[in-house]
Amino acid sequence: MNLSQFEQFDLSPELLKALEKKGYSRPTAIQMEAIPAAMEESDVLGSAPTGTGKTAAFLLPALQHLLDYPRRKPGPPRILVLTPTRELAMQVAEQAEELAQFTHLNIATITGGVAYQNHGDVFNTNQDLVVATPGRLLQYIKEENFDCRSVEMLIFDEADRMLQMGFGQDAEKIAAETRWRKQTLLFSATLEGELLVDFAERLLNDPVKVDAEPSRRERKKINQWYYHADSNEHKIKLLARFIETEEVTRGIVFIRRREDARELSETLRKRGIRSAYLEGEMAQTQRNNAIDKLKSGIVTVLVATDVAARGIDIDDVSHVMNFDLPYSADTYLHRIGRTARAGKKGTAVSFVEAHDYKLLGKIKRYTEEILKARILAGLEPRTKPPKDGEVKSVSKKQKARIKEKREEKKKTEAKKKVKLRHKDTKNIGKRRKPSNSNV
């Protein structure tokens, strides 16, 4: 199905009005595939990188379902969205409220880190859609404070991370409590891994599988290039100069190791760049504080690892900077997908040392993008990059095939060709065998 406008999804005027207010005009790849399947009441198993509109891909069908089938009297939630973290739950709920702002639908959250009495309104008043974390919700279910019998649609967001954090059993218990539901949607950053596959098989019924990467049209909105660096110190200088000269208004700097996050952030601050950082083991209040600083403009850039940045939803990111290249091309797409959202343009740059060119080559081949090198005046590299911009890399499978072919060749050459002599073949008929047994 080739849908170019949201109107073609048969969404209600209230939802279309909200989309227009948010600045959305064209559906993303994941939305084009997931929304029609979900609106046909099929179970959906979806995967898409961060920044591809995944949240709206499941919220729009859920909200449309509530509008298509209005309840006759107030009651407990009909849509339940499970997320692995409180932070992500708050972001999903915020987006749901924005999409439902012109309706009378009620949105609520149930998460840890909130006093018990603060959730009283969720239990005692009418709720249409609830976003929750598994641990706290299961506690309320066991205490019979949350009624699962009215849940018609169960949605898992970032299911892979939910399993990694050890919430698999809690999630399955909640799914069992919502056994009267009509539909289940499961979204994940990746659909790989035995644990996730088994989890999905147990919870979904003949799902429509949606594995949508951002289309090349979407990626064209992102200007991409890289800088060749001589060393880590050279990378820091390039990064600082780039932030100062490229009008970075709201940027995310990605690094590999969490122990480097604080150090790089402090280095940038010493150079006069307003910076904050995120690392995996930070307290929730510290994480929220760092994110709020970027959103409010107190800082210009946020330094983060891929793990620490999972689930963060920040609008209007002008630049994504790969201080360290990721090990996989998938992760690269996840990173750059945080800019150029909602039809806007963005920039993604990488800082590449000589030993990174294998990774750069993988990214080029996977994304089919032409990434060109640029130079910052006064910070030209002293070393030359590998020929043709990348190191020729051979995969393990290719190495195994090459080795196998070599061994076969050796065996063939080892076999001596038997010379057929006339005396061994003459007068051979039905009753006489060759005198040479090798013939």
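If you go along the chain as it appears here, the first residue is 1 and each next one adds 1.
In case you wondered, yes, glycine gets a Cβ from its N, Cα and C as well.
Cross-referencing 157-160, 229-232, 345-348, 361-364 with Swiss-Prot places the feature motif 'DEAD box' at 157-160. Residues 4-32 are the range that Swiss-Prot records as motif 'Q motif', among 4-32, 120-148. Taken through DSSP, the motif 'Q motif' (4-32) splits into 18 helix, 0 strand, 11 coil. Across the motif 'DEAD box' (157-160), mean pLDDT in this model comes to 91.
Just so you know, the Cβ of Gly53 (ATP binding site) picks up 24 other Cβ atoms within 10 Å once every protein chain is counted.
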